[in-house]
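**Q** Pasting the relevant annotations from TrEMBL:
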BINDING   A:ARG22, A:GLU85, A:ARG124, A:LYS458  (6S)-5-formyl-5,6,7,8-tetrahydrofolate binding site
DOMAIN    A:220-379  domain 'TrmE-type G'
BINDING   A:ASN230, A:THR249, A:ILE251, A:THR254  K(+) binding site
BINDING   A:230-235, A:249-255, A:274-277  GTP binding site
BINDING   A:SER234, A:THR255  Mg(2+) binding site
Amino acid sequence: MINDTIAAIATAVGEGSIAVVRVSGPDAVANVEAIFSSNEKLTEAASHTVHYGYIVDRKTREKVEEVLVTVMRAPRSFTMEDVVEISTHGGVIAVKRVMDLLLESDIRLAEPGEFTKRAFLNGRIDLSQAEAVIDLIRSKSERAFSVALKQVQGNLSKQIEEQRYTLLETMAHIEVNIDYPEHDVESMTSAFIREKCSSVMDAIEKLLKTANEGKILREGIVTAIVGRPNVGKSSLLNALAKESKAIVTDIPGTTRDVIEEFITINGIPLKLLDTAGIRDTADVVEKIGVERSKNALEEADLVILVLNQNEPLHEDDIQLMEQIKSRQVIVVLNKMDLPQNLNMDQIESRFDAQHIVKMSVKEQEGLDALEEAIAAIFFTGGIEANDLTYVSNVRHIALLKKAIVSLQDAIQATEEHIPIDLIQIDVRLAWEHLGEIIGEAVGDSLIDQIFSQFCLGK
Amino acid sequence: MGYLAGEYDVLVIGAGHAGCEAALAAARMGCETLLLTINLDMVAFMPCNPSIGGPAKGHVVREIDALGGEMGRNIDKTFIQMRMLNTGKGPAVHALRAQADKFLYQHMMKETIESTEHLTLRQGMVEELLIEDGQCVGAVTKTGAEYRAKSVVLTTGTYLRGKIIMGELMYESGPNNQQPAVKLSESLRNAGLQLVRFKTGTPPRVHKDTIDFSKTEIQPGDEQPKFFSFETTSSDNEQLPCWLTYTSAATHQIINDNLHRAPMFSGAIEGTGPRYCPSIEDKIVRFSDKPKHQIFLEPEGKNTSEYYVQGLSTSMPEDVQLQILRSIPGLEQVEMMRTGYAIEYDAVVPTQLYPSLEVKLLPGLFTAGQINGTSGYEEAAGQGIMAGINAARKVQGKEAVVIDRSQGYIGVLIDDLVTKGTNEPYRLLTSRAEYRLLLRHDNADLRLTPTGYDIGLIKEDRYARFQHKKEMVELEIERLRSTKIRPDETTQAMLASVGSAPLQNSVDILTILRRPEVTYAHIEPISPSSHELTEEMKEQVEIQIKYSGYIEKQLIQVERLQKMEKKKIPDDIDYSDIHGIATEAKQKLNKIRPISIGQASRISGVTPADISILLVYLEHYNRVIASRG
């Protein structure tokens, strides 16, 4: 993977009025040119020049984004390779569209720290910084890994594994036909391969559709709303989401599971998790909810602690504050419409004043102040996991698309009566793309499958 | 009682399929070579099936031939049946498979060895390696003969502490009741090598005159046989058929009734057997819903009545074996001539080797074949020729030759062994190769003959023939690219005859040849070449054009692979020193000691982040070295 062409978002997502996508590698200029519409040709552009134009859809040539493109030719660039920087409007949507289009070509999403690594390997960065480069790769990889893992847990990874297994069985069958031609196993026909590939392709297309609709792979700063039962967490979620998602009652312990909601505040995507109130309880169902709340708390990039300022601090509140003290926290003092019985010293000694917001969710008061506080934390760089979450989504979608292309190639090949061992190349590629999403290495699983599925011997 | 019996450049211990190739390669490269074997009558012996080739294995034989080895030539001289398998599939998996006259195979190989310059063949059982200053410098035999050599190649097959098992019976033995090598394991262990215990097996042999062939199906050879060696052009060998029958319900019953006597299940066998080559009792237990299993009856030679019963590998007691045989249609009256058996033996954990097959702990010692955890004659021979080449190159002070995964199945095999190791006897499969389409049977010469020539195993005359073929193929492809044919009557008629759409305009021939239904033979009468092309050349032209889309895709991947392979890792790197690499990866890297970034990236447990860090570290390391001058 040395010297292929890579791309990544170079600015923090959502921040500022301009976002920059950086592309580096031998095919950088040609690859951007393929989705760029302008009076000038990038491939003929001189180094260090800026070009105005539009990013367009590769096939339909529809205009997608208005951009400025900067071309920097090797070796006069950060990585000492050909580099193209695409400046788009700020915000998430524009930059995502551009990335998606780029990754449809041979461009690979950069690994964590890869631009810096290349700059170093190509002699751009001083020797004394080698250690720093290594630290950067290691820490970014670990963050990216944990974020990616978080993303593919549960439903998505189960669905992908199912489809991979169908492909694996098909591949094992093809391989047995090839490696044991005289063995009495059923011949693998084009029709059979086509049927299997089509079913997998349908499933992935469905997955991709939901991904684009933002239901499964939706990105955002994971924000957990926590607090004792009945302090108004669900009401806060509903107020932020501007619709009634969580059931709100005045019975403590109403929310028994984690409810998710995606919202955007000042262009910052948030994945809100409304949690069951955390307290010691004997109710079995509520207990499970409390457990899940604790897990949600662990994954969260940002914690919104809701307190009822009408009551003095409870022991559960103190315990919770201890638990989250090393996290990014915004404290919401709810129920301002009622008299204040909370000792403010206990709060102010623990949290920055700018992270404390007084609200009355019921009266819709203080919502703006909360949004501002969230935006402030984000823009001052307090939270960055969002970039990684976002990036790993881009990567997943790109891989799902690549898997579909490989399956289309395989299906087309079956129609053209291409021999099965060649069709296998595309089936295997699809299987590998899906494997990358769930972090599964290629390994020996195919060989294992062959021998567990078929009885072979001499 | 020891005495100095001789001094050589290269000493090869063991004259099976690995040892023969190793010794011939070293001698042909000009090294004074000694080939030692326990029994001179067992040179190139086939202790199991009397056949060579098949998918992946046949490819290896072609590669050995392309490098200048012997296996291909020897089987071409001694086959009694030749079949091209997988002809209904793509060209990459077409595979030649021969039935051998196993006795003739041995005689011909022995004759070749005896008549090769610089090569001495001698009987002797090696009991100990000579080690001085941490280097292997020779070996001592049971009779006290001390042979000294600059490089030693060890190919012990299944002889190393071999143990035969048949039902309740168990005894120390090499294959086919040969004397086992009992002491040598100790010498290896003392040198610090880690050994494992593997197991394999063979079916019984039966007498031809007691088989009722009328109850079986005939399996003849190809009418127009092809050959393994690129140098063999014709043969007048007479072909014999094989015969197909199946196990019956009675067979399965007998096996199930006697499972308590099967060493496979009683725990008597400690060695790990191969999954791809299970015994019949294993197959019936693991796939109990399969009503019958194929049994092929294969002649072991022209001048013998022995038939090999393929599919019936077993370590059941002898009396049960006879019952099993007689429950099979066609074998009701059969007489068993040799009993099937399982054999356990010692092997070296192959991750202890460099890709050159030299032992990391014992410079000067190379190992090849079953001792490295493989099974199969072809796998053994493929390693043998590489071990022989690298042993000779070490003597000559030259750098080791390593075939990479995109150049040959031999490269895939050796890289898998030394990088990943193996938990069971390793068999090559075409699915182990990532670039299967490039590693074809037909282009083994294009892939490896230049290497064979550089090494000195391919002589000038053969190389000239090779180059002529290569040029003619290139010229013809260029001609087809630049020649247009018009949609005239002849062309349209040809296209119609194969069910292909008629032409609208003139197009180049290359484009037409890419249509799946059109072959070179269809094109030839319309637009013949002005050169005289052999069938082989035409086949090459057709394959390269027809599959160019797929081939180019794989070539791009190979280019990336080769960049990684070219990034060499210095020998003296201590991975524990590299801050940032994960602990598990550090341990693996220190153990395997990869020679390149490419090899490092294939070690399980080494992540892309570890590789990135390693690259940065190497760059740092190289710059520091450079600044020191």
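Counting begins at 1 with the first residue displayed.
Note: Cβ is positioned from N, Cα and C throughout, glycine not excepted.
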**Q** To the nearest whole angstrom, state the Cα distance for the pair A:SER234 (Mg(2+) binding site) and A:GLU85 ((6S)-5-formyl-5,6,7,8-tetrahydrofolate binding site).
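**A** Given the Cα positions, A:SER234 (Mg(2+) binding site) is 43 Å from A:GLU85 ((6S)-5-formyl-5,6,7,8-tetrahydrofolate binding site).
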**Q** Within a 10 Å radius around the Cβ, which one of these binding-site residues has the most neighbouring Cβ atoms: A:ARG22, A:ARG124, A:LYS233?
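**A** That would be A:LYS233, with the most Cβ atoms nearby.
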**Q** Given the binding-site residues A:ARG22, A:GLU85, A:ARG124, find the one whose Cα is closest in space to the Cα of A:LYS233 (GTP binding site).
**A** A:ARG22
**Q** To the nearest whole angstrom, state the Cα distance for the pair A:ASN230 (K(+) binding site) and A:ARG22 ((6S)-5-formyl-5,6,7,8-tetrahydrofolate binding site).
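**A** Between the alpha carbons of A:ASN230 (K(+) binding site) and A:ARG22 ((6S)-5-formyl-5,6,7,8-tetrahydrofolate binding site) there are 47 Å.
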**Q** Taking the Cβ of each of the binding-site residues and counting other Cβ atoms inside 10 Å, which one has the highest number: A:ASN230, A:SER234?
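**A** Neighbour-count leader: A:SER234.
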**Q** When DSSP states are folded down to helix, strand and coil, where does A:ARG124 ((6S)-5-formyl-5,6,7,8-tetrahydrofolate binding site) land?
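**A** Reduced to three states, the DSSP call for A:ARG124 ((6S)-5-formyl-5,6,7,8-tetrahydrofolate binding site) is coil.
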**Q** Starting from the Cβ of A:GLU85 ((6S)-5-formyl-5,6,7,8-tetrahydrofolate binding site), draw a 10 Å sphere and report how many other Cβ atoms land inside it.
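**A** So the number of other Cβ atoms within 10 Å of A:GLU85 ((6S)-5-formyl-5,6,7,8-tetrahydrofolate binding site) is 21.
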**Q** I'm checking region-level scores; what's the whole-number mean pLDDT for the domain 'TrmE-type G' (A:220-379)?
**A** 76
**Q** On the three-state reduction of DSSP, what should I expect for A:ASN230 (K(+) binding site)?
**A** coil
